[in-house]
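The feature [4Fe-4S] cluster binding site is assigned by Swiss-Prot to CYS152, CYS173, CYS405. Sequence annotations record features per position, and here Swiss-Prot assigns region 'Disordered' to 549-587. Feature annotation from Swiss-Prot assigns compositional bias 'Acidic residues' to 555-566.
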Amino acid sequence: MNDSVLVAPSLSTAQTEDTFEFQSYGETEHSRSYLGSDVTKDNLVELVSAYYSVPELIQYFEEHPQYKKITLQFPDELVLDSSIVVQLMQQELVKAEDETSQSFNTIDTDEVLHNEKSCGNCSGCDCSSKIDKTETKRKVWILADTSYSSCCVDEVASEHVKGDIVVHFGDACMNAVQKLPVVYSLGRPVLDLDLVVSQFKLKYAAKDQKICLMADAPHSMHMKSIYDILHDKEGYKNVVYSDINQDMLQSDTHIVGYNNAVEHDERLRKCVTCGNRNIYAEVDVSELNEYDLFHVTIPKDPHLLYLTTKFQSVTLYDPSSGMLNEGPFPSMMKRYKFMHMARTAGTIGILVNTLSLRNTKETMNKLTKLLKENGKKHYLFVVGKPNVAKLANFEPIDIWCILGCGQGGIVLDQYNEFYKPIITPYELLMALSDEVTWTGQWITDFKSIINQIENEVNDSDDMEQDILSSGTECRSDEDEAPEFNAVTGKYVSTSRPLRQIARLEIETPVEEVRASDSTELVKQFSQTVAIRNTVSTSAAFLQTRHWTGLGSDYKDDEDGEEDGATVEEGTAGVARSYQFDELNKKT
């Protein structure tokens, strides 16, 4: 007989304190393909320092000692390098401060005593003129939660810590911000030029084709080298290339680790400006739509759509895989459809996903004024990163208009995930015009939109002045032209709700009007929905819902009982320990 002690089987999994701790990752190594293939633990710090031009960045802050609170903004794909960059900056900045303080302590005492504004602290007094050395110390913060539209400077996040300056790392759109000075560290990624040239030659066999070379901001440093190989060695005489448009930078904006190669080549000249890029070539570039675009890296969908409207064709080169991508790309046909849907939309939701960009508030004010003049309702939403769940909470909105960066801050909704269409201010401007126009352009610059809105308002004012000066009578009781949805073909009666309120005449018995203290929230007068005798599109939408809120089924009770339900005590406690659980444990 076996003398071993029988142990009952475990009926549940053993749970200790370690069970509820966060999962610890076993792998500490991360992929840093932008640093090259020879990355080791020994040379990682050196490569990161060279990639972000940390020595030049430190030199900039030594030359500008007024910036005490420094905020660093990293995108998600580069945030793994943030700790190394901060450590390098703090070491050098502290060393520079120590040298400055030592040089200050060596000042001759007689020079301090002769200063009438200072006692020189010769007797150990604690007067207000004593210099507080703690104020000279610099602090560095890493800004988090910038995964959406990371190409833009997050000025609002920097103001949370009262930052003096923002250092933006990685790809950037170069859009101007409201207040703070900005330093860009684009990075110096490693790129296999021979592989790029070989893929280029496979795509473009004819050497007389008109081709433009372009890349994101970090990889733009390689465009001049690729141009020299293709133009001088391979014989592509009609090839041109792009570089960063430094003319759009503000006076308090600086780029570290960037050199414009055009300054050292007298053959090249700037021909055309394409957004935040300048096109350089030896020959004249008349129209970009005659050129094919060869773009290194995969741009975001909004910027990619912009490029498809500027060039004859677009071919993308992925540096991570070394392969070409020729589509499918975002199409303007869906934008044309959404523009027509906006023409008959009665309620517009304006999405503001950033408050840092310059001219955002002015564009917002111009749009709201234009919507009111066209008789449409609008609501403002500052939601940060839009998603399906957020926007689905506002069902009365007919269409959304998003205010964001044209490079990565606009939602295109390629897979129809959102319940309502999302358009841009330029598309909304075309939808509000009297004539149906479609230019096929993709304009996202706030300055251009503001100018077009002002021109639209001025044209309407001039038309009204011409009517008044000609003496033509405008009949206010004349019926407006019916509007139909261009997508569904149905008649739309609520496309201009604010304009209809002034002309609406509701006939109802006086007794019903006096009985406005009814328990019903929404009442329907002669096929017109009103709240407290006031027309409302929200009330009209509420009527279409099966469930209209608590107490909505009170009047439809079949039993005719006027007594409410009996109030009973509900469940109390927190999720892990409700009250009835505690009672069960005691019993």
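Backbone N, Cα and C atoms are what each Cβ position is placed from, and that goes for glycine too.
Structure coloured by features recorded in Swiss-Prot.
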residue	record	Cβ within 10 Å
CYS152	[4Fe-4S] cluster binding site	24
CYS173	[4Fe-4S] cluster binding site	23
CYS405	[4Fe-4S] cluster binding site	23
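A Cβ within 8 Å of the Cβ centre of CYS152, CYS173, CYS405, the residues given for [4Fe-4S] cluster, is found for these other residues of the same chain: SER149, CYS151, VAL153, ALA172, ASN175, THR354, LEU357, GLY404, GLY406, GLN407, GLY408, GLY409.
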